[in-house]
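**Q** When I checked TrEMBL for this same protein, it listed these features:
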ACT_SITE  128  active site, proton acceptor
BINDING   11, 72, 73, 102, 103, 104, 105  ATP binding site
BINDING   21, 22, 23, 24, 25, 155, 186, 187, 188, 212, 214, 215, 216  ADP binding site
BINDING   103  Mg(2+) binding site
BINDING   126, 127, 128, 163, 170, 171, 172, 223, 247, 253, 254, 255, 256  substrate binding site
DOMAIN    3-278  domain 'Phosphofructokinase'
Ligand code: F6P
């Protein structure tokens, strides 16, 4: 293999830069040239491809976002778009690919490699942590820490005013960020898409809390929850308790930015290193993952089959611990 191209695609995640750095430096160490593709599959279609060297990735391990930029490409969803992308890769003499992204990235990869033949390895990068075939996706640890920091601050003002807060966190249709930030902040309730919301029990808890004059509480809601997010939960609570002092806060894209945690930097380094070594050993069309702290490989088709399941025992535990 003479030239590997690396790209980031889908929502950015803290740790993507650390993974790019590891890919570039491992390839160069093995005397393989590296090209960067800007803006994911869209940049691939447009031939936005440039040569990288070890200095291209200096001073980026600690930076959020992605130096390669990212995009969600509609054109790549068509066979014509994918054909154009393949032609660009051939033109730039790319003979191996490292794709860093979430399930949309691997769905795209699966379609692409069903039509065109080129060795590729994926690295899971999404704050949602919902990809099957790995215990961990880059960015999740940093995003949860950001959410925890924000919710702790919200609790300060909630305490000061004796208020209830409904805090909405990201995760698309997965509840990992909600579950973990909710546990870490001692949230009184955690609403996730993986479980139907039992609103009756939330109302009962609020009644009990009012009776014992516990006025502050925090409900963490995943954006994909069946109830429709923080504002919908707030409206429903007000329907039953019109005089309650309640605010809704949507944390939003703050969760995607910021300097990656040590954990994300280390896992990104391991995964980037493993991705290049996997390609060089001749294994491809797999995603690098972590299982029990060890690096593993999962075929793209398995990584996109389903979402990683949420640990329902943890949700049960959270309920008991906050009672
Ligand atoms: O997949 C990462 C994520 O941040 C989700 O949690 C969220 O639903 C989505 O991306 C938001 O996407 P966009 O930045 O395109 O609005």
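The backbone N, Cα and C atoms fix where each Cβ goes, and this holds for glycine too.
Caution: TrEMBL annotation is automatic and unverified by curators.
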**Q** Check the binding-site residues 23, 170, 216 for other C-beta atoms within 10 angstroms of each C-beta and report the one with the most.
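**A** Of 23, 170, 216, the one with the most crowded Cβ is 23.
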**Q** Check each residue in the chain of residue 72 (ATP binding site) that is at least six apart in sequence and keep those whose C-beta is under 8 Å from its C-beta; list them in sequence order.
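**A** Sequence-distant Cβ neighbours: 9, 10, 40, 104.
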**Q** Please go through the recorded positions 11, 103, 126, 128, 172, 254 one by one and keep those whose C-beta falls under 6 A from any atom of ligand 1; give the result in sequence order.
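**A** Once distances to ligand 1 are taken from each Cβ, 11, 126, 128, 172 fall under 6 Å.
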**Q** On the Cα atoms of 11, 72, 73, 102, 103, 104, 105, which are listed as binding ATP, what is the maximum pairwise distance in Å?
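**A** Roughly 13 Å, rounded to the nearest whole number.
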**Q** Helix, strand or coil: which one is residue 247 (substrate binding site) in, per DSSP?
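**A** For residue 247 (substrate binding site) - judged by DSSP and reduced to three states - the answer is strand.
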**Q** Could you give the maximum C-alpha to C-alpha distance in Å for the residues 21, 22, 23, 24, 25, 155, 186, 187, 188, 212, 214, 215, 216 that bind ADP per the record?
**A** 60
**Q** So how many other Cβ atoms are close to residue 256 (substrate binding site), meaning within 10 Å of its Cβ?
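**A** For residue 256 (substrate binding site), the 10 Å Cβ neighbour count is 19.
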**Q** As a test of reading the model: what is the averaged pLDDT for the domain 'Phosphofructokinase' (3-278)?
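**A** That stretch averages a pLDDT of 96.
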**Q** May I ask which of the recorded positions 73, 126, 128, 254 is closest to residue 23 (ADP binding site) if we compare their C-alpha atoms?
**A** 126
**Q** Determine, using Cα-Cα distances only, which of these binding-site residues is closest to residue 188 (ADP binding site): 11, 73, 172.
**A** 172
**Q** For residue 105 (ATP binding site), which of the recorded positions 21, 128, 170, 256 has the nearest Cα in space?
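**A** Among 21, 128, 170, 256, 128.
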**Q** Could you measure between residue 254 (substrate binding site) and residue 102 (ATP binding site) for me? Cα positions, answer in whole angstrom.
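**A** That separation, Cα to Cα, works out to 18 Å.
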**Q** Report the same-chain neighbours of residue 73 (ATP binding site): residues 6+ apart in sequence with Cβ closer than 8 Å to its Cβ, ordered by sequence.
**A** 9, 39, 40, 41, 42, 45, 81, 108
**Q** If you count the other Cβ atoms within 10 Å of each Cβ, which of the binding-site residues 21, 247 comes out on top?
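**A** When each Cβ's neighbours within 10 Å are tallied, 21 leads.
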**Q** Could you check which of the binding-site residues (11, 25, 102, 103, 214) sits closest to residue 247 (substrate binding site), going Cα to Cα?
**A** 214
